[in-house]
């Protein structure tokens with residue numbers, strides 16, 4: 001049978017020492033002879049003595065040294081050279097005692113957006129040496145606060161920049177104009193190939209009564225929506241980026257449209273629509289004259305210049321109406337919901353009027369809506385996500401044939417474009433203020 005006789009004598013002594021009151025341990029320390037204390041101080045390493053002296057000096061100057069834990073280890077240079085673990089531990093102890101992070105809760109700091117005369121996204125350096133901060137007395141740069149605490153403002157990262165890149169915007173405009181002319185050229189050629197047969201069966205057109213007046217209503221709606229979208233983009237602070245995106249997307253839509261109705265020529269959906277007679281031949285001069293005539297009317301029928309047939313797949317009216325609505329919805333202020341709903345209803349009404357006028361088959365309208373919305377949404381999804389701008393096996397969207405052009409135009413836009421607005425002209429001065437940026 002084993003009898004428990006209690007802890008060993010040396011363990012009993014250790015337990016008794018740990019149970020002593022703090023006052024008794026302090027009294028025992030005071031009973032040390034001066035010579036013994038001096039001998040203990042001499043055994044301290046030079047780095048430890050220097051650290052203790054510095055802490056004493058900080059206390060005399062009224063500084064608060066608060067030890068911090070969990071900042072990670074910061075090995076000293078000496079530890080990298082001679083591998084002395086003691087030096088590294090001393091460096092970690094000293095660095096962990098320094099306050100590293102700025103106290104935003106008590107300092108009264110706040111973000112100060114840049115004024116209108118500063119390029120958006122540029123580093124906003126304040127007097128305190130940080131980025132984007134207005135620091136109260138005692139904050140940032142090493143100044144002392146009223147309570148004697150020393151705080152260090154390490155600043156904030158600079159906000160994303162949105163460069164104008166006017167040359168890229170000009171290239172995108174030239175891209176759109178080139179494809180618009182390509183569309184008119186394709187129409188001038190397709191006009192000779194339109195079959196002189198009855199219209200194809202269409203479930204909607206065969207049900208809805210025809211009204212020639214509806215085409216004018218649709219084109220008037222196009223002009224109103226396009227001008228509204230133009231004004232919103234013109235007042236946008238990052239108008240060059242927005243215009244560049246619209247030009248690139250419209251150029252892609254024009255190019256795909258010119259290919260589709262060239263490869264498949266459909267008969268007229270309205271047998272009563274008057275088209276110019278066919279020439280019976282094709283030549284460069286004939287095609288050029290037709291293109292110039294179409295350019296004079298901007299591709300619309302309301303001015304009497306759109307007298308050639310064959311541009312059915314897909315509907316250019318639907319593309320323009322849908323794109324105008326998407327631009328208004330994406331780049332106008334979020335609280336302008338009446339404008340968003342009005343644009344949606346107007347665009348839908350314009351599409352219905354095209355069908356009532358028998359300007360297109362129903363399949364032309366459906367394809368135009370699908371292609372325009374998917375292209376717009378895919379493009380802006382790529383533009384608003386930095387990871388998708390990089391190619392690779394993980395990003396299947398990088399296999400799009402227009403992805404290289406997208407990367408060229410969007411590589412310097414590193415964040416979603418904010419909804420900020422300003423007056424674009426230097427006059428009248430009553431509309432110019434110090435803070436012209438207005439967000440939604």
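Glycine residues also receive a Cβ, built from the backbone N, Cα and C atoms like all the rest.
As the structure is a computational prediction, the values presented were derived from the model and not from experiment.
Among the ranges 136-157, 246-267, 378-399, the one that TrEMBL lists as transmembrane segment is 246-267.
Among the residue ranges 279-300, 411-432, the one that TrEMBL annotates as transmembrane segment is 279-300. Transmembrane segment is the annotation TrEMBL gives to one range among 91-114, 211-234, and that range is 211-234. Per TrEMBL, the range carrying the annotation transmembrane segment out of 340-357, 358-375 is 340-357.
Of the ranges 211-234, 246-267, 279-300, 340-357, the one with the most Cβ pairs under 8 Å to the transmembrane segment (312-328) is 211-234. Per-stretch counts of Cβ pairs under 8 Å to the transmembrane segment (170-191) identify 246-267 as the leading one among 211-234, 246-267, 279-300, 340-357. For the domain 'Sphingomyelin synthase-like' (309-381), the DSSP-based tally of helix, strand and coil residues reads 56 helix, 0 strand, 17 coil.
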